[in-house]
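Peer 1: Residues annotated as active site in TrEMBL: 86, 168. TrEMBL lists 60-204, 339-373 with the feature domain 'Peptidase S26'. According to TrEMBL, the feature transmembrane segment maps to 12-39, 59-80.
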């Protein structure tokens, strides 16, 4: 009896705590699970036959536990594996991360194919499978603990994919005016101070070659040094700010200069306006779309924002002889329906991000990276990164 009372008290305290956080919906979900469990077990003894009672109880417990697991995976947190080096040195390929969906509020499924395990039944149905790319339910996100902040690292789906997930750092918020000048990010003319784990391609003078190579080996710095023998002691490497700080402190390099536009991809692949000559390291100013923000339609805004209007806002916009038509009607302005974000990878030289594919809609956000569950770098388990908070 005492144990049951303690459990009830814990549930009540948990619900009150969630209400204080503003997570009313989660408190209701927990109370609903508790109610279903309590009522079912209360009426279970009314089943006369022992075999039938045990079978019913077993089936109920299985369905109940499966429902709880699905709910936790959909609404609370999920686990993902990092596939690429785009977030080095914060996250490495093979890292297993915990994604907190409560932080910004969980996005409800837009299709039964997004519900784990339940989607198996729909995959087996030919008629349902023919609608796999369709949106069955409108976008809805439950209340979260906080809003997205500049510098947050989170997981999101790319474009309209349901199963291709990416992790990047948010460097621009809805309504921000973002510029990239010589590789540095400015929001509303304020410099964004990137964390020390952000990697760039640098050129530097080698003062002590032996000490440099010894130090990079001992510190397990993940970046090869290319030496320009024609220039004597000139070296080129991709390192993080923290790593370069260690090398400078050891007095084995100096005259550091950041290489601009070091990613070997044509500038034609970047987002752009009609007359812009943007590069990876110099871009903008760019106004990041915000819900209810209105823009004037002209060749520049059409080129920059047409993708989000068409792909995410389902607005068919075309230009004919200098006149713009939205869903068949002539228009001179456009008002955005969603909030958007500008995302970049920490490994600036090895990432394809918003500089290429454009703005990220709020509808695609999955959740904030909370911690590293475990990490294997170069097939070695990294105890120092176990449960490391991000």
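Even glycines carry a Cβ here, placed using N, Cα and C.
A TrEMBL annotation is a machine prediction, not a hand-curated record.
What you see is a predicted model, and the numbers here were worked out from it, not measured in a lab.
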Peer 1: Could you say whether, by DSSP, residue 86 (active site) belongs to a helix, a strand or a coil region?
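Peer 2: Going by the DSSP assignment, residue 86 (active site) belongs to neither helix nor strand, so it counts as coil.
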Peer 1: Using Cβ atoms and a strict cutoff of less than 8 Å, what residues sit near the transmembrane segment (59-80) while being 6 or more residues removed from its termini?
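Peer 2: Residues packing against the transmembrane segment (59-80) from afar: 26, 29, 33, 36-37, 40, 44, 96-102, 106, 108-109, 115-118, 142, 155, 165, 167, 366-367, 370, 373.
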Peer 1: Would you report the average pLDDT that the model assigns to the domain 'Peptidase S26' (339-373)?
Peer 2: 93
Peer 1: Any idea what DSSP makes of residue 168 (active site), helix, strand or coil?
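Peer 2: DSSP call for residue 168 (active site): strand.
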Peer 1: Would you list the DSSP helix, strand and coil counts for the residues of the domain 'Peptidase S26' (60-204)?
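Peer 2: Within the domain 'Peptidase S26' (60-204) the tally stands at 28 helix, 42 strand, 75 coil.
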Peer 1: What Cα-Cα separation, expressed in whole Å, is found between residue 168 (active site) and residue 86 (active site)?
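Peer 2: Residue 86 (active site) has its Cα 8 Å from the Cα of residue 168 (active site).
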Peer 1: 10 Å Cβ neighbour count around residue 168 (active site)?
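Peer 2: The answer is 24.
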Peer 1: Going by DSSP, how much of the domain 'Peptidase S26' (339-373) is helix, how much is strand and how much is coil, in residues?
Peer 2: 7 helix, 17 strand, 11 coil
